[in-house]
Amino acid sequence: MAAHSPSYQNGGTDHILRPRPVKPGNPMILRAQSEEGSLKPNGNHDGQLSGMSSGRSTPLPPDAPPSAQSISSARKQVRAQQKHRMFPTVEYAARVSHFDPKSEYRDFRGFFVLFWIGLAIMVLTSMLRNIKDTGYPLRHQVWDLLTTKTWELGLSDGLMVASTALSVPLQMLSRRASGPFAWLRWENLGMPIHSIYQAAWLVLWVNWPFIFNWTWTAQVFFTLHTLVLLMKMHSYAFYNGHLSTTEHRLSALDNPENASTAAAVRYPSSSGELSDMDKAVTDRKNHENESLTQLREDLALELTSPLGQVTYPQNLSLLNYADYIICPTLCYELEYPRTPKIQWVELFWKTLAVFGCIFLLTITSEEFIVPVLNESAIRLQGVEGWSEQGLILAETISLLLFPFMVTLLLVFLVIFEYLLGAFAEISCFADRHFYSDWWNSCDWLEFSREWNIPVHHFLRRHVYGASRPYVSRNTATLITFLVSAFGHELVMGCITKKLRGYGFVAQMSQLPIVALQRIKIVRSRKLFNNVLFWISMILGLSLMCSLYVLV
């Protein structure tokens with residue numbers, strides 16, 4: 001049976017039964033209960049929603065007239081007779097399909113299972129083909145990519161992580177600086193010192209893989225981890241620098257005659273919308289004359305975590321920093337919500353899934369992407385005309401469309417579902433909201449908010465929010481996109497060892513596209529915009545790869 005979900009039009013209902021998100025019980029039992037009057041409209045049992053009724057039977061009120069009672073009794077007799085029919089009847093009603101937009105059905109886990117079965121078929125087919133050609137299930141290139149210089153990669157990554165811990169003593173030094181060394185405080189030269197260290201750190205570790213000539217798989221991992229650690233280190237330094245300045249101001253108010261009584265700096269919230277952030281900037285300008293007591297309360301509140309368990313500078317320790325490095329977040333906070341304990345079974349499966357996805361990504365690249373690019377590179381060397389080169393490039397892009405669609409889904413799963421989920425289990429990090437329903441995105445701005453929520457929070461807090469007090473909203477948005485575009489171009493440059501600017505141009509071109517999609521007549525066509533999003537996403541990945549490798 002299906003739950004009755006009426007849609008009101010002109011004061012009436014459409015009388016359509018829509019599928020429920022759960023399977024119904026025994027229909028014969030439900031029919032018998034309905035005939036006995038125990039089920040009420042829309043599956044209500046004694047006023048409670050049960051989701052078991054078709055919603056076709058309406059109980060009579062106690063003061064119903066005799067005519068209505070007679071009709072109800074006749075209907076019950078007809079339904080009772082249907083139970084005893086010699087030939088089984090089929091129940092028909094106005095229903096919608098499970099894929100209908102009006103359907104309430106939401107459980108499509110079977111397609112998720114089908115996705116993994118499809119990948120398993122792809123791997124088995126590739127192994128059988130390799131056994132036929134070489135006698136081994138995997139090509140030696142795949143094995144070399146996964147095993148070459150792994151110890152070198154592990155030691156280098158550990159050293160890179162340890163080098164970020166220098167931020168802790170630098171923060172302690174900035175906080176304790178006084179007297180003749182007051183110039184080391186964050187509000188003086190502390191911020192430039194930290195910024196110079198982070199820039200030098202980035203230059204060193206970006207060039208590190210080129211020194212050792214690692215494989216492309218190791219280079220991808222190391223470059224992405226470098227950018228993650230850079231954002232973590234930046235967030236840690238700038239948030240604690242803000243707290244050290246706040247503590248100095250609060251201490252100075254013990255002698256208010258010689259202290260500044262300007263309003264506390266109100267930064268935009270990292271969890272609010274952009275409009276809320278703009279409002280916070282306006283509030284900062286409108287609260288320049290707060291009372292001394294209120295100012296002390298604001299500064300003291302700023303030094304305390306939202307959960308009320310940690311107060312600055314209790315967090316300035318290597319143990320706290322190590323915990324922050326493990327937590328799956330890019331924005332530093334004094335305290336995070338935690339789960340009671342580690343679920344070891346969940347951690348085991350997520351860890352296994354991480355290595356499984358990496359293996360599948362490598363297989364997909366070596367079997368369906370690299371051979372196409374190598375063949376196209378050889379063909380391009382033998383032609384000179386622009387038309388022939390364009391045809392080869394177009395053919396290459398078309399052959400890479402499906403492999404890159406699979407790669408996109410695997411990258412999403414391995415990072416945002418399994419890798420971050422595994423680190424969340426290790427650190428007992430309770431907030432697992434690493435992504436939203438980005439697959440329903442209608443424009444690139446929506447996708448950037450929902451595809452990668454940790455990076456979105458970082459950019460909103462440390463780029464957009466940090467620049468909003470000084471520039472307009474549009475300029476702050478432009479700066480945010482520029483930073484994101486530089487980051488994407490850096491990743492592509494490190495992987496392909498080429499600086500072409502294709503990724504930067506593609507990233508910045510999203511701004512006029514979003515502006516066009518925000519026009520009322522275009523914005524209202526959500527299905528059309530979602531189709532365009534997916535086409536541009538898959539086509540863009542193939543195009544970027546082909547341009548960086550072949551041009």
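Note that Cβ sites are derived from N, Cα and C of the backbone, with glycine treated the same way.
Just so you know, TrEMBL annotations are computer predictions that nobody has curated.
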For which of the residue intervals 214-231, 502-519 does TrEMBL record transmembrane segment?
214-231
For His488 (active site), nearby residues of its own chain (Cβ under 8 Å, 6 or more apart in sequence)
Gly503, Phe504, Gln507
In the same chain, residues at least 6 away from the ends of the transmembrane segment (347-370) whose Cβ sits under 8 Å of its Cβ atoms read 119, 122-123, 126, 139, 141-142, 145-146, 217, 400, 402-404, 406-407, 410-411, 413-414, 417-419, 421-422, 425-426, 545
